[in-house]
């Protein structure tokens, strides 16, 4: 009977090996997924039990954990919560977290791979682990200027340092006060959350990075870039600019803003951009073809769902397929073209940086609790959108827009500003979105900015990008240059 | 002939004592660490606790020196270690339950049950001088086993907890008679199979490379199968049903060496389970919760959902490789963290490392049991020890496999670790029986020591002194004729000297 006994002993051994395998599967292989599951309250409890690292703007903590005497141990507190809500996001015991609080969670809790050695030291010395400080690239003055500029209007502002990709300002209105959501009083936190979730303009979702809007005429920068890159056009090339452009295959037509002409017919490419001539750019788009436009848009960062700053960013889109009339509309930023304010800031920043789009980021460095730097973000080229020559021509054309075109209200005495307005139709009965994207100084760009004011803001149907959005961009640029 | 020196065998009691000290250090250390982890101070009663545990373990050790001096020296320390880890974890969960204002006091009761279990296990070793005595009670054991299985169905005694009708209330104490039924049935199977193994192993038709049994020999397996399915249907207890059927199939294989029995058994059980899952919603729900555990809808389902299972997985995942440490995790977030889900609790606080170490303890325990089965010379002892060692391993597999989502979750307790008096007592008695068999297996020169009964029990094929060791190794594989002619056993080599 010993042979079957030995066989059975082997079977028992195999059973235990299977158990060890499944335990390893759960506790090692699947553990990151299980720990990230939103139903896993354990992760929250543990995080709250340790001191979570602060989120820092210019040396001051805008989000920090304060020791309190309740089961959670630490209370998350936000200074100027509303001002930075699009950057910090919220951190709630019942509703999870968002934005940096979520994307930089590993660093803030001290669980990131980079913090392995400080964790090991805490383990050996028996010290309670502490989270690392996340230092942001945000410039307080620019952030304040953006929020004040938007005021009660719904919209977003993003400012980028063109040469590095550092995000200097990121504001979404309406914002929210993360302190209300961070409350350990569950019913109070629930009420606050329910109010915000139901509020007009969806305050919990950042307009700057998560919502996409038709970019309107600001997209003409991309169309102009595609034209210059094709080698068949330069700034003085002439384009037909009728009052109305008949679209092929359909009875639809495209007109200009205000219904008039563009001041000349034919018109040069530079002037067409300066006065934002729809018919000229629609025809140009059809001549270039949708493939050329799509390729150019993607080189500026459209259709890239993988971008993180480190928060995830909604991909801006250019339609995957477009016939001639759809291409005409796409060329002026209508039809299915849609972009985040961050994306339109990246377009300006790319032009400002000799055609190279830098990867945008909001975390400058991560510092462990003992103040040693654990990681420092190095600027990185995301893509080369246009050649330096094209970038220079586009810059000159954009300077014209602000000097004596549709964007004159962005002028700053003593500083040459390059910009482009946009007024994007959304539907027949709603006021258009007002856009403005710009960079300055034109000869030595320090800041690129995109401003979106939803449905024209307080100006309503009278709004244009030049009237409503450009002054906000000007204020942000001045704040960055003055700081 | 008589001048051959008997082979010296180390009884191993000294080794056992050393290992016991380690096991006790582990158990008491764990208890102290729970205190440090939860309230930053060592529990005030740690000395008393340590002394009590040590007294129990050393008492058992002395009983072994007295009544089973050649018993396997590893089995007892491993059992003490497992029991001690279980006690520490139950105490830790008690602390958490107390903090949350929930029902607590499990640790004290488990300690009481540990005491009762160790005393009864010692009593088994003292009273049962030879495991073959049990063979006299083969059919008594069957009746006892069946009655125990049926007890929960009785109207006054039985209680239904969470849908499974497997509890019996005696006064204020709840018992799970199935735990004892497995013990009684293991005795019955061993006695029955050792008598009928030749018949069961006789040649039948060959089909697809399998030696099939004759139709009329299917009787006993049909009866046990029907019993298991009855447990599943009437007591709604998939775990016990799986446990008993697995035990029977394994012992049938041990007795007959015929893979066909295993295949037939598995097919019958899978068939029964499939039918049951289509007829009974609670069985289907178990499968649903296993296959689609992470589904939000199934996770949130109030009855038969996967919430408990997935929360257990969350706990284990949060433990990661090294665990949170004693008292630093939140095992109390899972319902029944102290009984059915004690393995996820341990996984959370001791990490994958700790859990693997615990599984290794079970490997050592069960393989030592199998070693005793290989070593003992009578067929009944082989079947009994093999079956008991297997049932511990099998129970671990069913419960740990269930909580780690290897197989569908069934309600069984983890031997020695989980809270529950019935389970603890039954498993300690299993350990006592394994120790008893291993004593017989490792005892040198039985004729010289004269402790064996003078007369072989009726029907037992005793290894005769004239047997030549070489003969036992030449079993013709696969021929039914060889089985009938073969005595029950082969000699362990350490005995040869005395017999020659």
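From the backbone N, Cα and C atoms, a Cβ is placed for every residue, glycine too.
Heads up, TrEMBL stuff is auto-annotated, nobody curated it.
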Feature transmembrane segment in TrEMBL, mapped to one of the ranges B:93-110, B:111-128: B:111-128
Contact between the transmembrane segment (B:240-256) and the transmembrane segment (B:46-64) (3 or more Cβ pairs under 8 Å, separation 6+): no
Selected stretch (most C-beta pairs under 8 A with the transmembrane segment (B:341-363)) from B:46-64, B:71-91, B:111-128, B:137-157, B:177-194: B:71-91
Interface present between the transmembrane segment (B:137-157) and the transmembrane segment (B:71-91) (three or more C-beta pairs under 8 A): no
Positions on the same chain near the transmembrane segment (B:177-194), where near means CB under 8 A and six or more residues out: 134-135, 137-139, 141-142, 144-146, 148-149, 151-152, 166, 168, 200, 220, 231, 237, 240, 243-244, 247-248, 251-252, 254-256, 379-380, 383-384, 387-388, 391, 413, 420, 422-423, 425-427, 429-430, 488
